[in-house]
Amino acid sequence: MITPTYARLTQKSDLTSVCLTVMHVRKLVWIVVEDSDTRTYLVAKLLARCKVSSVHLNVVTPDYYKHDKWKPRGVLQRNAGLSWIRDHHSIDNCSGVVYFGDDDNSYDLRVFEEMKETKGVSVWPVAFSGGVKIEGPLCKDGVIDKWHSGWGSERPFPIDMAGFAIHLCLLMRNPKVLIGRDRQNRLSKPGYLESNLLEQLVDKDLLECRGPPDEAIVWHVKTAEPDIPREHNDPSDPLDIEWEKEYDKKAS
Ligand code: UGA
Ligand code: MN
């Protein structure tokens, strides 16, 4: 599971929740990629405490990466995760499934059970995404009955990033495919990250529809920004100190 993450007040709380979930998943490797110049102490310590096998990477999203006033979130970080995975596997050693799990969603353990059987690309709907209660493919007897979304039904795959998983061999057979570009190698338009990735990997008819027919097993939520108006910016604030510690510098 590849998780992009960036510094904010709720980062540690969000990552702690994800840790507590993935700790229950057998054989999961948690690849956490920080959107920062260095790997931070905060994330390094959290991963050391978290009882799951993990990989800690970083790559910063530069400001020029913004386009159409839209700054793609988590793109370079997911690609760094994909490169790490490809570097550590081969076409003859590619058993496994890749999942993009953002640091702010909440996950039922069943989503990890469902994705285990993935042959190519498996899909399920995601709650509270796309402006509707549940967005993505609605399955009946294991096949896609219809798609539901609040916008962009013209997208080739109207689905959130948390609504699919990809077999590793498919990624190894398509070594150039990354997130954030379309088939013509143009930058993805806002909201097209998922579609641009999937259209390079799979035919819509071949998607494997999974998950219970009548409930969500992953929720696109966001922790509210804490309301702390009485806090004054104090350079000795322990939280700030924790953030400022750079793990890489400390290690070297
Ligand atoms: C929605 C989708 O759920 C994302 O998977 C998709 O990347 C994003 O839209 C998009 O199309 O850009 P949303 O919930 O609105 O995402 O965005 P965030 O949860 O704020 O960010 C997605 C991931 O990127 C998170 O894991 C977050 O920690 C990370 N991120 C966000 C960064 O690494 N850097 C940032 O500056 C912001
Ligand atoms: Mn999110």
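Just so you know, glycine gets a Cβ as well, placed from its N, Cα and C.
A TrEMBL annotation is a machine prediction, not a hand-curated record.
What TrEMBL records for Asp104 is Mn(2+) binding site. Around the Cβ of Asp104 (Mn(2+) binding site), 20 further Cβ atoms fall within 10 Å across all displayed protein chains.
Sequence-distant contacts (6 or more apart, same chain, Cβ under 8 Å) of Glu135 (site 'Interaction with galactose moiety of substrate glycoprotein') comprise Pro125, Val126, Ala127, Ser129, His148, Ser149, Gly150, Pro158, Ile159, Asp160, Gly163, His220. Under the DSSP three-state reduction, Glu135 (site 'Interaction with galactose moiety of substrate glycoprotein') is assigned to strand. What TrEMBL lists as site 'Interaction with galactose moiety of substrate glycoprotein' is Glu135.
Cβ neighbour count for Glu194 (active site, proton donor/acceptor): 22 (other Cβ atoms within 10 Å of its Cβ, all protein chains included). Per TrEMBL, the feature active site, proton donor/acceptor maps to Glu194.
When the region 'Disordered' (224-252) is classified with DSSP, helix, strand and coil residues number 12 helix, 1 strand, 16 coil. For 224-252, the entry in TrEMBL reads region 'Disordered'.
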For a Cβ distance below 6 Å to any atom of ligand 1, name the recorded positions from Asp104, Glu135, Glu194 that qualify, or say none.
Asp104
Select, from Asp104, Glu135, Glu194, each of the recorded positions with a Cβ positioned under 6 A from at least one atom of ligand 2; if none does, say none.
Asp104
